[in-house]
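Structure first, commentary second.
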Amino acid sequence: MNTQQLAKLRSIVPEMRRVRHIHFVGIGGAGMGGIAEVLANEGYQISGSDLAPNPVTQQLTSLGATIFFNHRPENVRDASVVVVSSAISADNPEIVAAHEARIPVIRRAEMLAELMRFRHGIAIAGTHGKTTTTAMVSSIYAEAGLDPTFVNGGLVKAAGVHARLGHSRYLIAEADESDASFLHLQPMVAIVTNIEADHMDTYHGDFENLKQTFINFLHNLPFYGRAVMCVDDPVIRELLPRVGRQTTTYGFSEDADVRVEDYQQIGPQGHFTLLRQGMPDLHVTLNAPGRHNALNAAAAVAVATEEGIDDDAILRALESFQGTGRRFDFLGEFPLEPVNGKAGTAMLVDDYGHHPTEVDATIKAARAGWPDKKLVMLFQPHRYTRTRDLYDDFANVLTQVDALLMLDVYPAGEAPIPGADSRSLCRTIRNRGKIDPILVSDPAQVATMLAPVLTGNDLILVQGAGNVGKIARYLSEIKLKPQIQEEEQHG
C-alpha cells in the first residue's frame, strides 16, 4: 500500500489505517462482494474465499483481489481482519484458523458500519423492496451530481456493479435484517419499506421480537436523523408512535407525507403523481413496473427531497432508472414455433422475489402491464422453513398465474421438512382446482416441459432466490428452444 493510498484511507476511516489486509469468507455473495469492492477501491488488500467463481468474484479479481475457491486455514494467513457472511458456519476452517491466530472475525454489517461511520449514511431496510429502493436512491443522488458511495444486495444495472466508491460524504446501503446484523449500522437516514414475518428463525419465531428489532435499528439514528417509513404497511403504522425520531411517511394512504396518487401502468413503466407537503407535486414516469415500485420510488423521493435535491434530477433519475439484477429483469422476447398455424412470441422475465408478498407484487405488475398475455411462472421455492411457515400464502398466490411449473425447493443448507416440499405444494394448488401445476424434478428438462405450455402470446416469469436465475439465463441463451441434449450445468 503506497503513501497516497494510506492518505486516502486516513481521510475516510482514520483508525482503520492499521488494517492492511481484509479477508472475506463467502466473498461471492452480493452483499459481501459489494463491501469488498468498495474496500478494494479504497486501497485495501482484499482476499476472499468461496466455492465457485461468479460475476462478483470476477469483478473483484479485476480489481486485484485474491480469490480462493476453497475454504482452507492458510487462506487467512496475514489477514488483519476476517469478514464472515451469515451463511458461513462457525466450524469453517478459515474461521477456526482466524480464531486460533487471534485475528478479529466480524460480520459483514460490522464492516459496513465502519464504512458508514464517517459518512452521511442512508440505510434501506424492510422485508421487501430494499435492493430496488437502494438503487433508486443511489440513482437520484448520482443524477444530482452528489457522487455517492453505494453498497447494494443486487446488481445496479446502470452502474454494472453491486457497489461503487464515490468521493462525497454520502453512503447509501441496503440494511439486512435477516440475521439482525443491521443493528450495527448507525445511519443518518433510514428507510423502512415494510415489515413482515420472514427469517423468523433469527427471531426465535417471535414476531414481536422482529418488530422490536426494527425499532432498535431506528433508535440507532441520531436524534436529528430521520426515519422514512411506508405508512401503507399496517405493522409500520402500528410502530410509528414508538420510533422516537423525526419521521417522514410515504404511501398511497391519504395521510402519507409523500403520497402516491393516480397510479397507472403502461407496459414496463409506471406513471403517477407524488404529493409532498409544502412542495410542488411531482409528475413521475418511473421506468419500473408495479405499484410496489411506485412505493419504492416514493421512499427515494422522500429522502432526496429532505436533502434538497433538485426535482428535475429526481425526475430524470426515475424515468431513466435501469433497475437491478433479477428484479423484474427483462431478458428478451423470443419467437416461438407456430401454434395452430400462427406465429407468436414469449417474453422472458427473471425475478428474485421469493416471499408470497413479493411474488404477488410481481404477478400484479405483469398483469397490469401485459393484460392480454398468458402468464406462465417457473417457480423455485426457497428454503424448507419458509415454505412450511408460509405454505398457505404460497398456495394462494401461485394460483393467480395461468400456468405454473415448479422446481424442487432450493434448500439453502436446510434439511428437508415433510410436507414443505414442492410436490406437496403442487398437490395443494391442484386440489384447489384453478390450475394444474407441473413439477419439474430435473432442471435440465425445463425448456422441454415449458414448450407445450406456451401459446405464442406469453409472459414467462422465472421466480425465486435460489439457482433458478441461472436457469432463466440459460432459457434466454437458447431462446426458449428445447435442446436435443440439454446441459445440466445450468441447474
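Backbone N, Cα and C define each Cβ position, glycine as well.
Taken from Swiss-Prot as is:
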type	residues	note
BINDING	G126, T127, H128, G129, K130, T131, T132	ATP binding site
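Long-range C-beta contacts of T132 (ATP binding site), restricted to its own chain and to partners at least six residues apart, with a cutoff below 8 Å, comprise G154, A288, N293, N296, G323, T324, R327.
Sequence-distant neighbours of G129 (ATP binding site) (same chain, 6+ residues apart, CB-CB distance under 8 A): T193, N194, H292, L295, N296, A299. By a simple count of nearby Cβ atoms, those within 10 Å, the most crowded of the binding-site residues H128, K130 is K130. Taking the mean position of the Cβ atoms of G126, T127, H128, G129, K130, T131, T132 as the ATP site, the remaining same-chain residues with a Cβ inside 8 Å of that point are I124, T133, T193, N194, N296.
Counting only residues at least six positions away in the same chain, the Cβ atoms of T133, E177, I191, V192, T193, N194, I195, C230 sit under 8 Å from the Cβ of G126 (ATP binding site). Compared over the binding-site residues T127, T131, the count of CB atoms lying within 10 A of a residue's CB peaks at T131. Annotation note: G126 (ATP binding site) sits in a coil segment as assigned by DSSP.
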